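Listed in Swiss-Prot for this protein:
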{"type": "BINDING", "residues": "R48, R54", "note": "NADP(+) binding site"}
{"type": "BINDING", "residues": "R125, S126, S127, N238, A239, G278, K293, P294, T295, S296, S297, R319", "note": "FMN binding site"}
Amino acid sequence: MSGNTLGLLFSVTTFGESHGPAIGAVIDGCPPGMALSAEDIQPDLDRRKPGTSRHVTQRKEEDLVEILSGVFEGKTTGTPICLLIRNTDQRSKDYGNIVETFRPGHADYTYWHKYGIRDPRGGGRSSARLTAPVVAAGAVAKKWLREKFGVEIHGYMSQLGEIRIPFLDWNEVPNNPFFAPNAEILPELETYMDALRRDGDSVGARIEVVATGMPVGWGEPLFDRLDADIAHAMMGLNAVKGVEIGAGFHAVSQRGSEHGDELTPAGFVGNNAGGILGGISTGQDISVSLAIKPTSSIRTPRRSIDKAGEPTAVETFGRHDPCVGIRATPIAEALLALVLTDHALRHRAQCGDVAVATPAIAAKAP
């Protein structure tokens, strides 16, 4: 199976299955000399891990990360970093009824036709469980970006089902299980999710991710554009069905006089481009928006077929997120960090000595 690696100079390969003994990631290309320990990685894993509220899957995994290689005396050595997370709460018996059938909306049918074999336990390799090592690797990338360039990456939920969440305060995001930037709307979100669980149904979400403190110049035209690689990475996140950069699809209804971000000596006027022009970072905030579909595993019986092609009904049991978007924020942050780190190293390799007389203007004019 190919397609398990993200990045060129800072590459991450994940491994494992949902109900296997362990999952993990190998980072290749991390610069040497950066202080790194499990304590630098664990906080982001704790933000993503299951069982943290009644609104997510009740699978209980500690998601404790182990650094097996690439670090000596507390510093990265420049050699591959292997991160391991052991699975401890598998309940494979919950999937006995789907061995011979295909769950609607899942990868069961496509994996079976492509490989002629599939691991039905928790979705195997296609499970969102495999986002844990992505978050672990992303924490390493976040640390390097922060220390080397002052780049910070933060995300939040802007919509849960039909409920739009007005942005009020970044400080509210870590204080609730929805990663919502608005404490006033939490009771409505709680009530909404409680009713959804009672109905045995699921719902989608919209996630926003922002990178601040960006320098100018990261990105490679034409087919390795920074925005293209961001979209590529984000579409690798389970359940993502749409990615917007900056104004995104709203650009369709804008006029050029509105959409084009003017430049002044004092800074940019607007950021409809989402911090990227011609596939290269402008020095403004990079803004990304993700559309996440409803969880496919629901208790409502659904029509499907079995391996013989005969009609059947599938009712999913087990422990599942009624909205996978609730835990998606730290994953999206990690993916953005991985792409930015890769492009930072690529820029340094080819254009690190380039200097121009034109000053870099402020990301936002006063």
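Every residue gets a Cβ built from N, Cα and C, even glycine.
Taking Cβ-Cβ distances under 8 Å and a sequence gap of 6 or more within the same chain, the neighbours of R54 (NADP(+) binding site) are M193, D194, R197. Counting only the Cα atoms, the space from A239 (FMN binding site) to R48 (NADP(+) binding site) is about 15 angstrom.
If you take the C-beta of S127 (FMN binding site) and look for same-chain residues 6 or more apart in sequence within under 8 angstroms, you find E17, S18, N238.
For the pair R125 (FMN binding site) and R48 (NADP(+) binding site), the Cα-Cα distance reads 18 Å. Minimal Cβ crowding within 10 Å, among the binding-site residues R48, R125, K293, is found at K293. Taking the Cα atom of each, R48 (NADP(+) binding site) and S297 (FMN binding site) are about 19 angstrom apart. When other Cβ atoms within 10 Å of the Cβ of A239 (FMN binding site) are tallied across all protein chains shown, the result is 21.
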